[in-house]
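Listed in Swiss-Prot for this protein:
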BINDING   39, 45  NADP(+) binding site
BINDING   130, 131, 132, 251, 252, 296, 311, 312, 313, 314, 315, 337  FMN binding site
């Protein structure tokens, strides 16, 4: 499985082509749209979410509600594009139009300046448009397709916010996966402790008044995977490494960890490793899951627990100082439309990005031309692991 996305923040549309999805998978635009709606929710989202109501169009690879094994083409129209027809025109335009929304005041923390340097842009909008988090809408759409495959194999995914703008969420110890998923999806903050919602919302509102933004830490959990996905034989085949790269590819994500993560640096080995146990009915398992479901780049059969840290959104309504790229004079950075926080939406993006990596790994490890062969091979392997 592989895919590419294309499109700009204020361009005509976002597009993706996905190759490698097995034939015979039940798939509809409505299934994908449900996931896109999750991305657009969450407390703290701004005006664009009222402008855009993302709906995907499938133009290839699906016939009569079933995938054909051919490349799947997805398109999401940008409704906001109608206000940017001349500025984002594909055809050549007059110089006066080019100057309309030209950006020469790069925003600290964004791709504006470095992208302009790399690609020799005199208008930094070219870097801004493609590097925008708007692109993550299409990665959620791709992830939605991947999650349909995972569901057929009995694999579930969830995400929730652990730290919201410096406020740690009190997660009940040993909270079951199903409870985490249910609680987070019921919360417009994507947290599992409803008692903290009022405090966090007040914090968001105050930060918004100050023209500032908030970051945080998000946890994604994958439940139902067997032991042995991934490999230790080469560095680039380690599944946790692939997930780490994917998480860090999400806009504004600056760190990733599995299980106990960086806390392991403060512990002894006996406080970190997951003891192995065996039972005649359930096979091998672990007493704990401190390593987050991975050993040597391979799944252990425990839930995958991966955390990502998202920096505060760098577009500030109280902008930081910058420099005009034409005059080199100090200026306050350009202000583009932004939100005080996008953590709940980022959690949906992270969940779908991780789901895509997991699906890709499964499709590479098992026969995957069609869903019948995939399911037979996958469940046969799960049975083998169970009786090892």
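Glycine is no exception: its Cβ is also placed from the backbone N, Cα and C atoms.
Projection of Swiss-Prot feature records onto the structure.
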residue : record               : Cβ contacts under 8 Å, 6 or more apart
39      : NADP(+) binding site : 54, 136, 137, 140, 345, 348, 349
45      : NADP(+) binding site : 339, 342, 344, 345
130     : FMN binding site     : 8, 9
132     : FMN binding site     : 8, 9, 251
252     : FMN binding site     : 133, 215, 310, 311, 312, 313, 314, 342, 346
Lowest local Cβ density (other Cβ within 10 Å) among binding-site residues: 311, 313, 315: 311
